[in-house]
């Protein structure tokens, strides 16, 4: 069950700069912590976040062990055309979680 | 004249001790929210950046999901949580007829799972239990805490107050030593709040996850170098009962964010 919250304005004017916010539930386990049995807890972090606007990648970020759990990423886009904004989070195992939102540009 | 002053002194002492016994009164009551930095307050106030909302979201999905041998979802009996669960969390912990003891909301969810859904109980502090508790409590956000007036709860509430005021651990501190007598002052780098459980389950930045009131209570017990009660222990529920009575009138904030 993907647990992600994305915030995209429903409507925007042509050429307007809009703020996009995305947050996902993830432990971001660094791999440096020791569990109760004395063995290191295996690393499990989100490595890459990407955002596509009508299929074209417009923003991406590489994440590292120092990033907190449940990473929150905010950035801006120029609203050009109506369409779908897709978000992809890829973890250490290569598993991806996705979310998407629609934007109407008038 | 001297006798008169003596009498005034005695009355003043009695009034003061009454005030201490009752905790923090009326307008002096403040949520932990008021003691936070503006940045952390902003994080809680905006649902799109409040990480606790991730658990509320998960709880909403779990509410609709059929579970157990009875193959029934929470929604199967309780319907739309925004209608049926509104205000419920403001009255908990409530008296449980079956066990003859108070039960908190997480305990009620687990007992409902066992009896109605015939499913395995969720482990304390598991994401699923926290998510369901957060979702149900979230339905009461903004409503004042109004614990049930139930005579059967009185002895347990008194036990909770006794525990709150008992000195424990190697540091020999009671809950009241900090949260009744010294709130607003600093302990190390952080301000000591009044310890009103207005926002549980809440997202604690230190934990980097959502946690229950029982986790917080155990945290404080470890902090004063005492042996903490186990999750679900009757003593912790009694403490919850006292804390909710102490916070009467403050508004539910779930999911809150705390440093």
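Glycine too: its Cβ is placed from the backbone N, Cα and C atoms.
Bear in mind that TrEMBL entries carry predicted annotations, made automatically and left uncurated.
Computed from a predicted structure; not experimentally measured.
Per-class residue totals from DSSP over the domain 'Cytochrome c' (B:58-145), listed helix then strand then coil: 43 helix, 9 strand, 36 coil. The domain 'Cytochrome c' feature in TrEMBL is assigned to B:58-145 (among others).
With a 10 A radius on its CB, residue B:77 (heme c 1 binding site) counts 12 other CB atoms from all the protein chains. Residues or ranges marked as heme c 1 binding site in TrEMBL: B:74, B:77, B:78, B:112.
Helix, strand and coil counts from DSSP across the domain 'Cytochrome c' (B:160-252) read 35 helix, 13 strand, 45 coil. Annotation source TrEMBL lists domain 'Cytochrome c' at B:160-252 (among others).
Per TrEMBL, the feature heme c 2 binding site maps to B:175, B:178, B:179, B:220. Annotation for residue B:175 (heme c 2 binding site): spatial neighbours B:163, B:164, B:165, B:195, B:220, B:239, criterion Cβ-Cβ under 8 Å with sequence separation of six or more.
Taking the Cβ of residue B:216 (substrate binding site) as centre and 10 Å as the limit, one finds 19 other Cβ atoms among all the protein chains shown. Marked as substrate binding site by TrEMBL: B:216.
Its own atom aside, the Cβ of residue B:220 (heme c 2 binding site) has 17 Cβ atoms within 10 angstroms in the protein chains shown. The active site, cysteine persulfide intermediate feature in TrEMBL is assigned to B:220.
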Item to check | B:175, B:178, B:179, B:220 excluded, remaining Cβ within 8 Å of their centroid (heme c 2) | outcome: B:164, B:173, B:174, B:176, B:177, B:192, B:195
Checklist entry - For the binding-site residues B:74, B:112, B:178, which one has the sparsest Cβ surroundings, going by other Cβ atoms within 10 Å? => result B:112
Next on the checklist: Over all pairs within B:175, B:178, B:179, B:220, the annotated heme c 2 binders, what is the largest Cα to Cα distance, rounded to whole Å?
Outcome noted: 11
Next on the checklist: Given the binding-site residues B:178, B:179, B:216, find the one whose Cα is closest in space to the Cα of residue B:78 (heme c 1 binding site).
Outcome noted: B:216
